[in-house]
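> For reference, the structure I am asking about is given below.
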Amino acid sequence: MSEQLKVPTMAEMMAEGRKPEILFWVGSAGSYDDRAKKITKAFVKILNKANVDFAVLGTEESNTGDVAKRAGNEFLFQMQAVMNIEVLNGYEIMRIVTCDPHSFNCLKNEYPGLGGHYEVIHHTQFIKDLISSGRLTLEGNTYKGKRITFHDPCYLGRGNGVYEAPRDVLKKTNATLVEMKRHKNTALCCGAGGAQMFKEPEKGDKDVNVLRTEEALETQPEIIATGCPYCNTMMTDGVKSKEKEDQIKVLDIAELIADA
Amino acid sequence: MEYLPNIIFAIILIAGVGYFARNINKLIRNIKLGHKVDANDNTAERWKNVVNIALGQSKMVKRPVSGFLHVIVYVGFIIINIEVLEIIIDGVFGTHRIGLSILPESVYGFLIDAFEILALLVLVSVIVFWIRRNVIKIRRFISSDLKGWPKSDGNIILYFEVVLMVLFLVMNATDTPFQNLEAGNVISQFIAPWFEGFSSETLYTIERAAWWLHIVGILVFLNYLYFSKHLHILLAFPNVYYGKVVPKGQFNNLDAVTAEVKLMIDPDADPYAAPPETAEDEVPAKFGASDVMDLSQVQLLNAYTCTECGRCTSECPANLTGKKLSPRKIMMDTRDRLEEVGKNIDANNGVFKDDGKQLLGDYITNEELWACTTCNACVEACPVSIDPLSIIMDMRRYLVMEQSAAPMELNNMMTNIENNGAPWPYNQMDRLNWKDE
């Protein structure tokens, strides 16, 4: 990405006495993981292109505690949550958008009980709104006729019932959307959830991401679209294990739309 | 002596219903070993779920073949039970087909016609179910977590259904006055010729035998429920009512932890303050669950409701890739342990005596718990709103917060979050570096 990204922080906004329309929650993966950082930047590119008045917390953001909670460490989760809520409420944040379904679920469903009440939106929902309200226009040539299959992230789909937003966005690219046998509420997990991302899998006869990649490959896609940084890593590894990385790309919806 | 059959009938009926009631009381007592949950929220949605998921079987039919057959058996079961009402009245008062003297012949005929058609459909469905279990050997019916008793249990129920339906049809076929009505015998008229040439006394004896065996069979079946996976025919309804009504991704926040966290971040808190007086008798809250008493009443109701169909396990990503975790086994283990605890209480005059065992370790291993991706596929798949994931999570909480027994990589991840606010060892101050890279 050659052009300079405009990424204002809440602290800067506050100093100027301004309030953004929405806070972009980058998340730990989006901030530090090399692959996920590309998704973060692609989404910012979209936000800049659509002139969205947004801000990030920057160095004031901390891990949501979601992965600690799923690992069983409720204590660490609540410590993180209470800290983050203090920062978010301090800035009087009302709306949050994030590229990570795990942060999305955690902020939306598990923060309210601890005093954090926000309207939380997944980036695929936000992009859909940008397109339908005319703030973002796509040329619609880059992916015309390409076969794309969408892998539902568990915490977006089953976890929160969001199945259509990512698909609606993909249809806007004029691509051919092909569904895997297991999709929407029966979609198979990529294998990263529940803190599995950070540990070796238990003994078995296959890795979950390989099985899911096989299911994706059955649709003979040119692109596997994801909506979660962890799914993206898992599916990328899966495609590599099948030695298909030259033919099949694994891209987040933000990356697809940033170039559409 | 004239009233002897009525008296015998009444005794059998009271004994059958009484023993069942006794076991249901035991079941309720066992469920109450769990901690209470507040389910006074979302009443409208809860009732909607009961109508759609439990009564309407909306999740059963997600798998069309088994779903459709199940709906037949379910409808058949409920409707044919209207006939049981007549049998009970006849049995107690010594009448014969009391319905005929109350209802117009055409209405009575229509009802029995309907029962007979359903009985035949149930018979066919049950045979297909048996074939699926024993001939086609569908994976979820032969997998290792179903070895032994659970496997025979599944078949025994099918045999029960066959016997009850056959007895019902034979009872009608050998009832000569009923056959002569030419109404209500839409199926049994084809069975009646098998008994042609029998003397009227023999026919009467067969009819009476079928009648008695039918009602005794129903009472035996009723009492078999408590010992089998078949409790779902009763418990599915309350279980669906108490099922999760918040988004599936939302896990509960532990109140006991919230209290401690609040204390930690409160600058005015006095660390040396004496605990409040009211807390004196209370056992300090355990974080998470290591045994059935640490689970909630809804989770224990879940365990009794599970009918071991295995749809959860057949959708579980860990199980599909050969890991030990099976959500069905989590539910079966929970019930087995709860039954063990219940028997222990029975044997020790109403108090649980420590038996040196618990759900964690003796039934469910750490390996199973750590294989879960928390993807909710099992919860989505369950036709009666059971939540195996919540039990897995509560046991993980115990492992991590009470025993510090997380896998090493997870401990590293959590230490990182604690120290620098990210699961990896990166500096908090580098969190925005991506924008200039």
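Using the three backbone atoms N, Cα and C, a Cβ is placed for every residue, glycine included.
All annotation found in TrEMBL is predicted automatically rather than curated by experts.
According to TrEMBL, the transmembrane segment annotation covers B:6-24, B:68-89, B:109-131, B:152-171, B:209-227. Positions annotated as domain '4Fe-4S ferredoxin-type' by TrEMBL: B:297-328, B:361-394.
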> Let me know the model's mean pLDDT on the domain '4Fe-4S ferredoxin-type' (B:297-328).
97
> Near the transmembrane segment (B:6-24), which same-chain residues lie under 8 Å Cβ to Cβ, leaving out any that are not at least 6 residues past its ends?
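For the transmembrane segment (B:6-24), the far contacts come to 88, 91-94, 215-216, 219-220, 222-223, 225-226.
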> Could you give me three numbers for the domain '4Fe-4S ferredoxin-type' (B:361-394), the DSSP helix, strand and coil residue counts?
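The breakdown for the domain '4Fe-4S ferredoxin-type' (B:361-394) reads 19 helix, 1 strand, 14 coil.
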> Flag the pair the transmembrane segment (B:109-131) / the transmembrane segment (B:68-89) as in contact if three or more Cβ pairs fall under 8 Å (sequence separation 6 or more).
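The answer is yes, given that the two segments have at least 3 Cβ pairs within the 8 Å cut-off.
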> With DSSP helix as H/G/I and strand as E/B, how many residues of the domain '4Fe-4S ferredoxin-type' (B:297-328) fall in helix, strand and coil?
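Final tally across the stretch: 20 helix, 0 strand, 12 coil.
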